[in-house]
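The signal peptide annotation in TrEMBL covers 1-21. Residues annotated as active site, nucleophile in TrEMBL: Thr215. Among the features that TrEMBL reports, substrate binding site is placed at Arg243, Val244, Gly245, Asp246, Thr266, Gly267, Asp268, Gly269.
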Amino acid sequence: MDRKHLLIISLLVLVLQDTTGLESQGQAYPLVVATWPFKDAVRAAWRSVHERGSSAVDAVIDGCSACEELRCDGTVGPGGSPDENGETTLDALIMNGTTMEVGAVAGMRFVKDGIKAAKLVMDRTEHTLLVGEMASIFAILMGLPGPTNLSSSESIEKWTNWKRNQCQPNFRRNVFPENSCGPYHLRGEKLNSCREAEGKLKLHSNLVGQHNHDTISMAVIDKWGRIAVGTSTNGATFKIPGRVGDGPIAGSSSYADDEVGACGATGDGDVMMRFLPCYQVVESMRQGMEPQRAASDAISRIARKFPTFVGAVVAVNRNGVHAGAFHGWTFQYSVMNSTLDDVEIITVVP
């Protein structure tokens, strides 16, 4: 056999190897991964991407919308996590890992469909993020229902009990209340009226836990291998009005790139957004890290600076390999693909 024939055979072997690799990767598609055991939300995304053949972006919208409607753990959608004024507001983000387009809303009032409002920002504007009441007006003008009272009997009861407890715990620090629930003043201002309160009240406490910070962050890989991520949350319970956490921040709560993979995060957003953990995860995978190592590395970077923070990330590469990492609490995430009969809940171990 001459050298020409040997060369042709070698090329054919390489082509067959590449094809086999693509088929092996394709077995992982479609795939849905989400923070926490939000099974119904994952099932909704799975029906969208698997049964109806929807795109990754549309499947994320369907999954997160289901979680908003179900008010997952009271921390997603309307009716939960009142702020200091007793009001519920929404944060949400959608990211297309093919085009790198992002749409997000933050502190949105009077509109219950956070993730759909985020998609409208991505699809109908050149912007990335709209905030507050103007985000609400935009969403309503684009056809979403509203204005709607986002509070519920449960959220009002929670807020009322908090007020009875002298508005403790809260997210204030280095300030003193003129009365038990404010207004608050800097040290030294109106000192006489604050001295009694200073002696009685502890103004800051760790309010972060699974049932007041369990944001849904979802990643979907569709049958074409396209990746999208989304996040929806009603934020931290008893937050200072106007506070925006990591939910609507690309690279913090979630991030996706078709060339690499995706990440979703949950936890103390005020700390985590300072590190952009999901951007870190995806970029670490781009440099060759496996999802488990990339997730652990991103969490450890935060823990070194803030040893008492609580949070977690879930990472998935473009081949469908997934893993999670956490600090300060027990973390679970949900997975669905064609090899499973139903959503699988994975408890991440240290």
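Note: Cβ is positioned from N, Cα and C throughout, glycine not excepted.
Neighbour count (other Cβ atoms within 10 Å of the Cβ, all protein chains): 30 for Gly267 (substrate binding site). Recorded residues Gly269 (substrate binding site) and the residue listed as 'active site, nucleophile' have their alpha carbons 10 Å apart, per Cα-Cα distance. The least crowded of the binding-site residues Gly245, Gly269, judged by other CB atoms within 10 A of its own CB, is Gly245.
Sequence-distant neighbours of Arg243 (substrate binding site) (same chain, 6+ residues apart, CB-CB distance under 8 A): Asp83, Gly107, Phe171, Gly235, Ala236, Asp270. Across the fold, the C-alpha of Gly245 (substrate binding site) and the C-alpha of Thr215 (active site, nucleophile) stand 11 Å from each other. Rounded to a whole number, the C-alpha distance linking Asp268 (substrate binding site) with the residue listed as 'active site, nucleophile' is 10 angstrom. Neighbour counts were taken as the number of other C-beta atoms within 10 angstroms of each residue's C-beta; across the binding-site residues Val244, Asp246, Asp268, the minimum falls on Val244. Of the listed recorded positions, namely Thr215, Thr266, the sparsest CB environment within 10 A is found at Thr215. Across Arg243, Val244, Gly245, Asp246, Thr266, Gly267, Asp268, Gly269, which the record gives as binding substrate, the greatest C-alpha separation is 17 Å. With respect to their backbone Cα atoms, Val244 (substrate binding site) and the residue listed as 'active site, nucleophile' stand 13 Å from each other.
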